[in-house]
Amino acid sequence: MSGQEKNEVNRSDVREDRVVTNSTGNPINEPFVTQRIGKHGPLLLQDYNLIDSLAHFNRENIPQRNPHAHGSGAFGYFEVTDDITDICGSAMFSKIGKRTKCLTRFSTVGGDKGSADTVRDPRGFATKFYTEEGNLDWVYNNTPVFFIRDPSKFPHFIHTQKRNPQTNLRDADMFWDFLTTPENQVAIHQVMILFSDRGTPANYRSMHGYSGHTYKWSNKKGNWHYVQVHIKTDQGVKNLTIEEATEIAGSNPDYCQQDLFEAIQSGNYPSWTVYIQTMTERDAKNLPFSVFDLTKVWPQGQFPLRRVGKIVLNENPLNFFAQVEQAAFAPSTTVPYQEASADPVLQARLFSYADAHRYRLGPNFHQIPVNCPYASKFFNPAIRDGPMNVNGNFGSEPTYLANDKSYTYIQQDRPIQQHQEVWNGPAIPYHWATSPGDVDFVQARNLYRVLGKQPGQQKNLAHNIGIHVEGACPEIQQRVYDMFARVDKGLSEAIKKVAEAKHATELSSNSKF
Ligand code: NDP
């Protein structure tokens with residue numbers, strides 16, 4: 001964007017009354033004077049305007065998200081294009097053509113805030129819908145599966161994608177040691193996607209989003225289905241090669257932020273078509289894998305995509321910090337007729353995402369304007385007080401829900417779901433992630449076949465893995481080759497060749513110094 005164009009960016013919120021004050025609203029005579037003794041003597045503690053400015057500056061950063069720290073966002077709408085009321089009774093789907101305002105935030109996962117946009121990493125794809133039944137967050141990724149299926153692994157896994165505690169560097173040993181540990185090889189499917197060219201999307205507009213998890217949606221009669229959501233880009237999938245991604249990471253680390261902002265600013269609004277896959281409980285019992293296994297997709301031949309609507313992003317935030325950095329997405333933020341399944345990683349996220357926002361933004365994070373359920377209006381006078389309570393705190397309403405006929409509860413309008421799952425068993429320390437069997441490699445092999453139909457994609461996969469794995473020690477490299485041999489022997493050999501070639505090039509360039 002040129003300097004001239006930047007001046008034309010919409011700044012509709014600019015105030016007409018522009019008398020500068022300190023933070024308590026007292027007009028400032030001259031912002032750049034400091035009170036001191038004489039012209040060159042020490043400063044005075046009574047100079048509140050200076051202290052106000054410096055003290056606030058020290059506090060202007062909030063904890064970054066851990067993970068998903070680095071991201072971009074924009075507002076838009078969801079529009080229903082197809083009737084799915086037989087599957088879901090949520091008000092946002094009630095009629096074709098209905099629009100619901102939304103905010104989408106895209107992000108990388110492992111990088112710190114300020115890191116490069118184009119690194120190899122899954123991308124977060126989170127959307128907040130401001131519905132009349134309260135806010136709904138779809139907290140998704142651009143990959144249909146994930147690395148783990150057991151939530152106790154989560155902090156361990158994320159640590160391996162971040163920095164070595166001693167060197168403070170990214171560490172290929174740590175990365176591959178975790179992923180090739182026998183029980184962690186359930187990650188193979190996701191690792192294949194991550195190291196395909198889809199691991200470096202060209203921009204946020206040209207990638208899909210997936211729920212990954214299984215959810216449970218029900219209709220107004222109380223019938224329910226397992227559901228997975230696919231959000232497919234209308235711009236077409238576009239990716240970078242490893243060389244392009246690396247070059248851009250150095251020359252323009254904010255490449256995807258810039259791309260999204262400028263596209264929307266110029267009226268080139270990105271859109272996505274939303275689909276669902278549905279499955280009955282009976283179908284789930286016949287799967288060769290668990291319906292709650294986040295490392296598996298539902299084959300589309302058996303569970304076809306059904307179109308629901310579209311998401312269009314047509315409004316840039318006016319203030320990044322207020323509207324994107326402070327946006328709080330959590331899968332526990334949901335509406336009637338859309339609930340979580342028993343997927344254990346999703347169950348853990350129900351706790352940990354909202355908890356992260358309580359830590360990052362405070363217990364009243366739902367009062368920050370971007371998080372306010374303004375389309376439904378929050379009313380629960382027992383949820384009150386606490387730091388940064390700025391919404392009037394329910395005035396003189398009682399602090400408890402009394403036996404008072406003026407309250408309305410929606411329970412009486414909703415049918416009880418029939419034929420619910422029945423859970424039964426002792427409370428045991430169950431360890432799901434034991435060494436993967438062949439079933440955990442089947443979908444990775446299917447993906448390899450899908451890549452085989454696209455020119456150059458199998459080769460790029462081997463190239464991208466080989467370049468990365470070269471940074472690991474020989475023993476871990478061998479574990480990587482063995483793991484990929486379970487997908488395809490040719491793939492394993494191709495990875496090894498790339499790693500050895502890179503190693504040889506590095507040795508010869510080092511020997512020149
Ligand atoms: P299908 O042939 O019915 O579907 C293949 C899927 O792969 C499509 O969703 C396609 O969607 C997607 N795809 C195409 N190219 C790539 C690529 N380079 N990287 C990742 N995904 C790609 O087969 P199945 O449903 O039986 O799935 C076969 C394999 O496809 C799976 O093992 C999985 O790895 C992958 N896949 C499956 C998905 C699913 O929900 N079933 C979703 C995404 C991937 P599109 O080109 O629009 O992305």
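Placement of Cβ uses the backbone N, Cα and C atoms for every residue, glycine included.
Quick look at what TrEMBL annotates:
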type: REGION; residues: 1-33; note: region 'Disordered'
type: COMPBIAS; residues: 1-19; note: compositional bias 'Basic and acidic residues'
type: DOMAIN; residues: 21-409; note: domain 'Catalase core'
type: ACT_SITE; residues: H68; note: active site
type: ACT_SITE; residues: N141; note: active site
type: BINDING; residues: Y353; note: heme binding site
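Shown on the structure are the features that TrEMBL records.
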residue: H68; record: active site; DSSP class: coil
residue: N141; record: active site; DSSP class: strand
residue: Y353; record: heme binding site; DSSP class: helix
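Across the recorded positions listed here (H68, Y353), the residue whose Cβ sits among the most other Cβ atoms within 10 Å is H68.
The two recorded residues, N141 (active site) and H68 (active site), have Cα atoms 11 Å apart. With respect to their backbone Cα atoms, H68 (active site) and Y353 (heme binding site) stand 11 Å from each other. Just so you know, the Cβ of N141 (active site) picks up 24 other Cβ atoms within 10 Å once every protein chain is counted.
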